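Report on the following structure.
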Amino acid sequence: MSNQMEFIMQLYMMNLMKQQQQMQLQLPQQQQQQQLAGYTYTQNEDISSSTSVQQQQQQQQEQLQQPQPDLRKTRTHKRISSQNTNCSSSRSCSPNSNLIAFQPQQYPGATAATPSTPNSHPSNLVNQMLLQSLPPLTQLMLQQQQQQHLLTTSNLLLTPTHTPSSLGKQDPLQHPLLLGQFAGSEQMATNNFLQSSTVTSTPIEREKAATPAPSAGATAGNLSAAQVKFEQESADDDEDDDKPLSSLTSCSSSGHTNASSEKLLLSGVHPLESTTDSLDSPSMYTPVKQPADSSYGLITPVDSDLTPNTPLQPTQTISLLTPPSSEQSKSLVSLSAASGLDALLQNEEVLKNLRKVSSYLECENSLCRQENLREHFHCHEEPCQGKILSKKDDIIRHLKWHKKRKESLKLGFARFSSSDDCAPAYGEGCAYNWKQTHYHCVYEHCPKVYVSTSDVQMHANFHRKDSEIVNEGFRRFRAHETCRIEDCPFFGKKISHYHCCREGCTHTFKNKADMDKHKTYHLKDHQLKMDGFKKILKTEVCPFDACKFSTVCNHIHCVREGCDYILHSSSQMISHKRKHDRQDGEQAYQQFKIKQDVEESSLDAMPQQQQQQQQQQPTSLSQSQSSSSVCGGSNTSTPLSSLSAEHFLARKRGRPPKKIQLPADAQQSEAKRLKVEDESSNPAMLLPQSQPAAAVHPLTSGLFPGLLPAAAAPGVDPTAPNFQLTHLMALFQLQNPLFYQNLYPGMTQNSSMLGNLAALSAASAAAAAAAAANGAGVQQPKAEFSFKPEFKE
């Protein structure tokens, strides 16, 4: 038994020596960080090597003196006992129960970051090993199995802790089972950061619970939020609940990130990381209040990045992000105003009313000559009328005065400063004249004067609403205003009401909702007037004389001329309007017929006047026509309009004429001739007697007897043959064979007959022309034969 106890004590002392070496390595770094940050650890957290050894030895003696409980405990009993131990603390139920610092220790190669939860009776395993005589190897194996058993039990009770935020902080023990056996439950309750009875542990709670002092796994380049967070615990446990919400949420950030975030905060930009840091985090920095002459946002940034050993200023550790002060906002306004003045001086629209004068010698103003002004300006903008400006400050002040005056005029107010006289425009009774800046309302019948710009805005809104009401066709009178209309039912009653401003309407109402209703009534009334009707309400007196429905019921009058019809429903208007439309159409048609008859009678009188004028013409024209016909020969011709084949093609389709008689001699006028064309079918042949023939020169007709038509002499026989028409027919047959081919399908089988017919027609036309040229002395035989072509169907 003594050998077993010595073996256990040796293992325990070896672990203590390693722990003390680690603590000695970490103490200088802890002291340096505590001096830099100005914080101290509590005595509960600062565990030195000597005190820990003494406390653990006392606990070991107490465990040996305690009676032995039941050695056989199931897994469920161990879980229940561990939960009862964890929830025994009064601080485990609070939301800030994880604020007690836990001392992590280096454990190379460890895989779990959650230490094992100790049992309420850690001496059970020691007593079992002392009472039972087992070889050392068996005892060591049993010890390892129970260690694994406790680790699996704690893993079942807790959520997984391998999260990205906890990968850089591995704080298990080398032999948590041995430390749990010889360490008291109270001491482990202080060092354990999972004291809550619940089984929902989150990485954020672990980060809140851990402190940076004993952490040896953190690298020099990275500082987690838990490493830069120093908690000052008080004696009262309830003070933890009074902390703001920002202290309950923390996130990991590196030292470089903290420095960059401080730079961003100093320049007025809020990074995303600093919004979730705790109060004590160095990344949560508030800009220091600057004096009045400095501008907000122009603070010089930090020169160097923060490192884990960089001292933190008190203003950086204990400060909140606050908006700029009133003095800073004033400096902002001054800077913006300065930039605005430069833009004001560069604006040509503002400077167009300023006239620069280089010297008083060029200026016509007597005041400038009296003062011997050199370079100065004159403002000719209304209402300055040539005000003298000699200094740059005066020019800037005057331009700003004009700008403010224009802005106030947009709101309906005239601005007057303390150096302006408002008496010429608004009388002598102003109490603010020559005293302070004030605003006069420019609207008619409005004597309001204000000093505050907020009152100006409110009064401008009143006039804006009033102008909207006027645009709708109404006028509003408030309770203190008099409408000056004695017939108004609200006259002298001090009631806000409305009047309709439309012509002939005296409607009044006090509810603004009735405005749209009355406006709709006027729109409908206008439409009825366009259709020729007028609607009278029951509440109105009918303007029509002797109307029996006046003030009795709603009715509609027809306002058309000569109509006294009264309608009682809007459905009757359609039929009544159609009746008037029909009557108007009949009247318009009658007027059109009368006008048309007058025009026809005037056209009939015109031909009679033309005939009388033609009869009075001299006979010289007829003599010239007879002489030209003698020179041209005895043949007669038709006008050019008759030479076309239009009338020839206009005849009825069928078989060609059976007989085509060739033209005979001009002297044998008594010979029979086949009438090729009816005179009634050719309107061009029927020339009116009153129409004079075209005068043709006798030489022209003699040179070209066959081409130019000769005027028909009154002494020529009308039965003489027309050679030009016959020649044209033959020529058309030669030029258009397809026409006859389509007209007479049988001709395709005897195409030579068409050529013979064309040749014969051409020969006869040439013979007739030669006979006409030889004169009347040469007699030609009477060629009277018939040509009858045969067609095979």
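These residue numbers are counts, starting from 1, taken along the chain as shown.
Note: Cβ is positioned from N, Cα and C throughout, glycine not excepted.
Taken from Swiss-Prot as is:
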{"type": "COMPBIAS", "residues": "44-53", "note": "compositional bias 'Polar residues'"}
{"type": "REGION", "residues": "44-101", "note": "region 'Disordered'"}
{"type": "COMPBIAS", "residues": "54-68", "note": "compositional bias 'Low complexity'"}
{"type": "COMPBIAS", "residues": "81-98", "note": "compositional bias 'Low complexity'"}
{"type": "REGION", "residues": "199-259", "note": "region 'Disordered'"}
{"type": "COMPBIAS", "residues": "210-221", "note": "compositional bias 'Low complexity'"}
{"type": "MOD_RES", "residues": "Thr211", "note": "phosphothreonine"}
{"type": "MOD_RES", "residues": "Ser215", "note": "phosphoserine"}
{"type": "COMPBIAS", "residues": "233-242", "note": "compositional bias 'Acidic residues'"}
{"type": "COMPBIAS", "residues": "245-254", "note": "compositional bias 'Low complexity'"}
{"type": "REGION", "residues": "272-296", "note": "region 'Disordered'"}
{"type": "COMPBIAS", "residues": "273-284", "note": "compositional bias 'Polar residues'"}
{"type": "ZN_FING", "residues": "377-402", "note": "zinc finger"}
{"type": "ZN_FING", "residues": "439-463", "note": "zinc finger"}
{"type": "ZN_FING", "residues": "498-522", "note": "zinc finger"}
{"type": "ZN_FING", "residues": "556-580", "note": "zinc finger"}
{"type": "REGION", "residues": "599-682", "note": "region 'Disordered'"}
{"type": "COMPBIAS", "residues": "608-629", "note": "compositional bias 'Low complexity'"}
{"type": "COMPBIAS", "residues": "630-644", "note": "compositional bias 'Polar residues'"}
{"type": "DNA_BIND", "residues": "650-662", "note": "DNA-binding region"}
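Packing against the zinc finger (439-463) from elsewhere in the chain are residues 408-409, 411-416, 422, 425-426, 430-432: each is 6 or more residues past its ends and has a CB under 8 Å from a CB in it. According to DSSP, the zinc finger (556-580) comprises 9 helix, 5 strand, 11 coil. Beyond the ends of the zinc finger (556-580), by six or more residues, the same chain brings 528-529, 531-536, 542, 544, 547, 549 to within a C-beta distance below 8 angstroms of the stretch. Mean pLDDT, taken over the zinc finger (556-580), works out to 91 on the 0 to 100 scale. Counting residues of the zinc finger (377-402) by DSSP class, helix then strand then coil, yields 11 helix, 6 strand, 9 coil.
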